[in-house]
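These notes are about the structure you will find just below.
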């Protein structure tokens, strides 16, 4: 789960890291109250989970409460790369002398944690690494030992931080690691980590991602979810314990197993190129226990998306045999009818694996005109794309 900047700032503050005084506002009136509390010159920053806010006009300076209200009014409601601004963060300004970069992240490729540090802060770190790689230090972190003062000093020194800030930077690095671990984060990034004219260090930006798989250890993280940005179908699927992600397409996808579903997305996208460019409408993994109730819930979620014109059910029978899945599909359609959900869009079903022949026979015997059985994955994807294109 990616946090907004103000949420990351608050998280850093809770862990004792030096951040700017500020607050978050959803209305110009709230912005006025924050500006009056802070006093003097402030920065008004759009809260969206994309970069490029400054170039889009989403970051503005303001002097006094009236100007802060005007800036907040301009920014609230803006569209920045498809994201509507619902909140602004308002902080005091800082007298910045130098800018550095510091982050910890989960390095999935190497199955470890990674620290990245640079004296070239305030810029895109990937650009810095590409153009001046000598300015970027990358240090693997052993999860068993973590980051203590000695290791932090080694990283900070290698990165070339000025001698006068090394001690402070070491303290920040250690505390930031503690926050990273305590919150089960997959990324904490500070860009820039600034040295002020008075010589102190401040974390002027906060980019934080939390591991949703560790949410059971952090009931407080639930409050960080932006309900206004949550897709209602994804929320409904979550409540039914379904792994669903909405996409921008016309072919609904239901499969058992994340790997199979990902492959299904690929073959449908490829087939769709030959049928008007139709695309997968979602990712939905119903897991191994494809009971009638689970299948009905899955179909209900997928068919609740008005952009879906056809549904591709792709199942490889393993522990759950294909005949059980086929019965689940037939019963699911009947169950949806009982719920008052009139199903009119076609289902293309491909079954393979354990008891596939028996499952196919069940589908054929159901004589349901909505069910079209295709026995190959490519053929089923082709048919689903064709039906979706015809229904668009």
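The backbone N, Cα and C atoms fix where each Cβ goes, glycine too.
Quick caveat, the model's predicted, so the values are computed rather than measured.
Taken from Swiss-Prot, the feature ATP binding site applies to 45, 52, 53, 54, 94, 99, supported by sequence analysis. Under the three-state DSSP scheme, residue 52 (ATP binding site) falls in the coil class.
Per Swiss-Prot, Mg(2+) binding site is recorded for 191, 205, and the stated evidence type is sequence analysis. Classification of residue 205 (Mg(2+) binding site) by DSSP places it in coil, neither helical nor stranded. For residue 205 (Mg(2+) binding site), the Cβ neighbour count at a 10 Å cut-off comes to 21, with all displayed protein chains included.
Taken from Swiss-Prot, the feature substrate binding site covers 256, 318, 319, 320. Residue density at residue 256 (substrate binding site): 26 other Cβ atoms are found within 10 A of its Cβ, drawing on all protein chains shown.
Among the features that Swiss-Prot reports, domain 'ATP-grasp' is placed at 9-236.
Listed in sequence order, 121, 122, 192, 193, 194, 195, 204 are the same-chain residues at least 6 apart in sequence whose CB falls under 8 Å from the CB of residue 99 (ATP binding site). In the structure as shown, the Cβ atom of residue 320 (substrate binding site) sits within 10 Å of 22 other Cβ atoms. Packing around residue 45 (ATP binding site) is summarised by its Cβ count: 24 other Cβ atoms lie within 10 angstroms of its Cβ, all protein chains included. In this view, the densest Cβ surroundings among the binding-site residues 94, 319 belong to 94, judged by other Cβ atoms lying within 10 Å. Per the record's binding annotation for substrate, residues 256, 318, 319, 320 show a top Cα-Cα distance of 11 Å. According to its DSSP assignment, residue 45 (ATP binding site) is in a strand. The two recorded residues, residue 54 (ATP binding site) and residue 320 (substrate binding site), have Cα atoms 52 Å apart.
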